[in-house]
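Here is the structure we will look at.
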Amino acid sequence: MAEITNIRPSFDVSPVVAGLIGASVLVVCVSVTVFVWSCCHQQAEKKQKNPPYKFIHMLKGISIYPETLSNKKKIIKVRRDKDGPGREGGRRNLLVDAAEAGLLSRDKDPRGPSSGSCIDQLPIKMDYGEELRSPITSLTPGESKTTSPSSPEEDVMLGSLTFSVDYNFPKKALVVTIQEAHGLPVMDDQTQGSDPYIKMTILPDKRHRVKTRVLRKTLDPVFDETFTFYGIPYSQLQDLVLHFLVLSFDRFSRDDVIGEVMVPLAGVDPSTGKVQLTRDIIKRNIQKCISRGELQVSLSYQPVAQRMTVVVLKARHLPKMDITGLSGNPYVKVNVYYGRKRIAKKKTHVKKCTLNPIFNESFIYDIPTDLLPDISIEFLVIDFDRTTKNEVVGRLILGAHSVTASGAEHWREVCESPRKPVAKWHSLSEY
């Protein structure tokens, strides 16, 4: 019988030595774990602090300023009111939890077919701060923070903006410093203050878009933020216009527009050094001369199946959004709102290099018949860009909050003609 040879190495180590080695390894592991945890904890605390007082933004055709400073997603808890009478005697109302959201609930107008619903709080607006409300809804003095476009308060002082313009010849860069604003109006009746920030765009190309940080509860904000735009020849400065949009941050809805400042660089000569300017903030002119194009959509409702079919057919005459003048890459995003809450969102495929895209894409939504008066459908035509942020070309709203005659008529025909597809062209409005 052959002898079996054990080829495994043998280790003659004392149990005491092995125990000491194991204890040492354990101590090292615990120490490393504690060190890593402390570093992560300190880094998390630093992120929660306010941003530094002054930013230097180095841009080359794109905005690198962190959008998360003012565009964090806020979630408002929604609950059902079991005690409220609601519409038709037994329907429950959709309410915003005022205790957690910081909002005061308001009573619905018992008159009209839309009482008991919160569709008058739909977060879709004509502009940054102008909500679309149904005709039967009236505003009390404490409910609105913005002035209606038809308000007689046309001569209200909106404050002033101070900034400077400079040009770096070696780097061929335009340097704009937003310094401060004075005398801003109160946009929040509860705090008697405002949370201002500024968006700046270089017209007419709209390729350079930046914004400052939000300064809380102040009517005289000091931003002191510098933005550097590379790749702008000095010879082209005379054709450019600086557009400053002054806004107030709103955590519960779209930010409110305070006003705007338009500065043509044709009258500014930064060749000899920094030029400091102060301009009055004026009411924003929402009547834009540029056409946003048209969108054709088809809607049909099946009352038996309680199903809404939305078909995005095509668009035409879309504006060129690229500085190079090339055709865009449009797609359509469809948002469905029930009252204040968005209940569905979908989008079409991107159509490459065209200003007259044909989509022919359908989306189906299960919507009970009794909820139709509270439903609004928002269509956003968006220009896709691989290098910069996608830009909204225009918007269309159908439903109870449609502000255009064609939109209201389209929705009425859909509700009055069940099982029949109704297709119409609509002009897009500015987002």
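Backbone N, Cα and C define each Cβ position, glycine as well.
Listed in Swiss-Prot:
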| type | residues | note |
| --- | --- | --- |
| COMPBIAS | 140-151 | compositional bias 'Low complexity' |
| DOMAIN | 157-279 | domain 'C2 1' |
| DOMAIN | 291-426 | domain 'C2 2' |
| TOPO_DOM | 1-15 | topological domain 'Vesicular' |
| TRANSMEM | 16-36 | transmembrane segment |
Long-range Cβ neighbours of the transmembrane segment (16-36) (under 8 Å; 6 or more residues past either end): none
Rounded mean pLDDT for the residues that make up the topological domain 'Vesicular' (1-15): 56
Residues of the domain 'C2 2' (291-426) by DSSP state, where helix covers H, G and I: 18 helix, 67 strand, 51 coil
